[in-house]
Amino acid sequence: MGLKDEKLVIAGREFSSRLIVGTGKYKDYAENAAAAEAAGAEIVTVAVRRVNLTDKDEPMLVDYIDPKKFTYLPNTAGCFTGEDAVRTLRLAREAGDWTLVKLEVLGDEKTLYPNMPETLRAAELLIKEGFEVMVYCSDDPILAKQLEDIGCCAIMPLAAPIGSGLGIQNPVNIRLIIEQANVPVLVDAGVGTASDAAIAMELGCDGVLMNTAIAEAKNPILMAEAMKNAVIAGRQAYLAGRMQKRLYADPSSPIGGLI
Amino acid sequence: MNDKPADTIEIIVNGEAQLFEASLSVAALLAKLGLPAKKIAVEHNLEIVPKSAYGAHMVDAGDRIEIVHFIGGG
């Protein structure tokens with residue numbers, strides 16, 4: 001990058017990549033690993049689920065995406081209560097021996113919109129237990145501030161519903177959340193294509209988290225690379241500072257010396 | 001699974017009843033299930049069992065065990 005960028009710092013850990021990718025919905029773990037590589041991601045989200053007792057030869061994520069190379073970010077996807085989320089992350093901490101986690105407490109099956117009162121309660125419990133909580137949340141600036149005040153290490157408002165690919169629906173709120181935050185803000189969920197990721201970064205987001213936009217692309221590896229470039233381009237544009245918009249034209253060639 | 005032999009005990013592992021000869025340690029349970037102790041986490045009656053306690057922590061009849069690991073997710 002022409003201008004030397006700062007690293008993304010989350011809970012004291014430094015990352016060069018500002019793109020976090022999920023590991024769900026891929027054809028197989030091999031494609032998943034190739035996409036994470038192409039995205040240049042350093043953090044991948046993972047789910048905690050029961051071990052399959054009947055098919056022990058089932059492929060394992062850790063054999064494809066090396067937890068020593070990628071930071072595993074355990075999530076609480078599928079949890080609808082604070083208790084479920086806390087229980088899941090306690091297990092994740094025991095399985096992986098790390099404390100950086102992604103909290104999401106869902107409130108509705110159809111929209112997968114976060115249940116914010118439960119999210120706040122679970123975040124408090126987790127932080128008391130020593131977890132470093134990156135939190136999936138609604139795009140309400142007041143709630144985002146409350147999450148930061150209780151000690152969340154990253155605020156992750158949705159761009160649009162999980163898996164919808166609709167892009168940033170409320171750029172005004174995302175910008176307000178960024179403006180007030182003293183911890184990283186990452187858009188999490190709802191990104192559909194590269195321009196959505198670039199818009200998030202141009203708004204001043206510190207990073208973007210996505211899964212479906214890459215996994216459900218016709219060519220996930222190529223889309224992963226596109227997302228990597230979009231996040232870098234958006235970040236550069238944000239740092240460069242865009243021109244002012246004008247209502248009318250302003251010639252690019254000088255008027256003087258016209259024949 | 002209802003007519004269990006008199007000399008066996010039933011433990012609920014990941015929601016399914018399984019028969020064992022006698023109460024056993026978590027380490028022995030994992031060995032019987034053929035699961036590596038690395039890369040997983042074990043919950044016994046809703047309490048986490050630390051990896052360091054697998055050898056000494058005993059599981060008895062009627063206990064509920066959850067064994068989890070990381071899988072792909074968004």
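Cβ coordinates come from backbone N, Cα and C, glycine included.
As written in TrEMBL, here are the features:
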type     : residues                                         : note
ACT_SITE : A:Lys102                                         : active site, schiff-base intermediate with DXP
BINDING  : A:Gly163, A:Ala189, A:Gly190, A:Asn211, A:Thr212 : 1-deoxy-D-xylulose 5-phosphate binding site
DOMAIN   : A:10-254                                         : domain 'Thiazole synthase ThiG'
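The structure, with features from TrEMBL marked on it.
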residue: A:Lys102; record: active site, schiff-base intermediate with DXP; DSSP (3 states): strand
residue: A:Gly163; record: 1-deoxy-D-xylulose 5-phosphate binding site; DSSP (3 states): coil
residue: A:Ala189; record: 1-deoxy-D-xylulose 5-phosphate binding site; DSSP (3 states): coil
residue: A:Asn211; record: 1-deoxy-D-xylulose 5-phosphate binding site; DSSP (3 states): coil
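Put simply, the two farthest-apart Cα atoms among A:Gly163, A:Ala189, A:Gly190, A:Asn211, A:Thr212, the recorded binders of 1-deoxy-D-xylulose 5-phosphate, are 9 Å from each other.
Most Cβ neighbours within 10 Å among the binding-site residues A:Gly163, A:Gly190: this distinction goes to A:Gly190. If you take every residue in the domain 'Thiazole synthase ThiG' (A:10-254) and average the pLDDT, you get 95. Distance between Cα atoms for A:Asn211 (1-deoxy-D-xylulose 5-phosphate binding site) and the residue listed as 'active site, schiff-base intermediate with DXP': 14 Å, as a whole number. Minimal Cβ crowding within 10 Å, among the binding-site residues A:Asn211, A:Thr212, is found at A:Thr212.
Residue environment of A:Ala189 (1-deoxy-D-xylulose 5-phosphate binding site) contains 28 other Cβ atoms, counted within 10 Å of its Cβ in all protein chains. Non-local neighbourhood of A:Lys102 (active site, schiff-base intermediate with DXP): A:Thr45, A:Leu73, A:Pro74, A:Asn75, A:Thr76, A:Val133, A:Met134, A:Val135, A:Tyr136, A:Met156, A:Asp188, each in the same chain, at least six residues away, with C-beta under 8 Å from its C-beta.
The subset of recorded positions A:Lys102, A:Asn211, A:Thr212 lying near chain B, with Cβ atoms under 8 Å apart, consists of A:Asn211, A:Thr212.
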